[in-house]
């Protein structure tokens, strides 16, 4: 059975980079994408049931939607973790990375980010569409808060710390590399915590939910999508931290550092644009 190295090459060219599959024990395929698809279905179904359980004419109990959504999220995350771990992580705990240039994995990351651009573009197009109508569409809560400023600073600084961590690895400064990598991971965790705190304050404190009109759906749709990306990026950073602790990185053996860095910088850029358009644009200028 071939296994993916840090450069994307397999030891067996006839099989994909996955281990023995669960639950059938087959090595030629993986069931984890199906698990992810089931979880994603639960996410969309839960969101739809939420609206059916709220409003003036609720036709199902209000708790059904959140329960289905939460279950779908857990299944999706479990499937994503299993898929990534089985295909690209498990073998790395016991051996060092390959020295050869991993152009294929970098190209795959660029392709993934290109698809992500279109994903976020769809959300922003929806937001611009509702801005073209009557504005504001109802009462907008206070969005320009201290939490927003702190979260933005955390994410911007984390992009710099990850860049300098990679630079330190390339120059052989492993201590500086490890410190800055851990710092980036902690900053990611703090951002996710800040996002949760902001949601709690908006939902509980101000009663602003995803059902609060078209702006509510746009706000939570875009910020929630970005938050999921940051959460995934933080998980990836945690994996990098563990692998760095095991001494599996050095100059020239840094494929996963480079690819995760690309992903993290992309998430940072999206957040800056999101703050300018969604937070500042909705709060300050009605023609933004």
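Residue numbers in this text run from 1 along the chain shown.
Using N, Cα and C of the backbone, Cβ positions are placed for all residues, glycine too.
Not measured: the values here are computed from a predicted model.
Listed in TrEMBL for this protein:
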- 20-283: domain 'Heme-copper oxidase subunit III family profile' (DOMAIN)
- 30-52: transmembrane segment (TRANSMEM)
- 58-86: transmembrane segment (TRANSMEM)
- 107-130: transmembrane segment (TRANSMEM)
- 142-165: transmembrane segment (TRANSMEM)
- 177-197: transmembrane segment (TRANSMEM)
- 217-242: transmembrane segment (TRANSMEM)
- 262-282: transmembrane segment (TRANSMEM)
Confidence summary for the domain 'Heme-copper oxidase subunit III family profile' (20-283), mean pLDDT rounded: 83
Contact call for the transmembrane segment (217-242) against the transmembrane segment (107-130), three or more Cβ pairs under 8 Å: yes
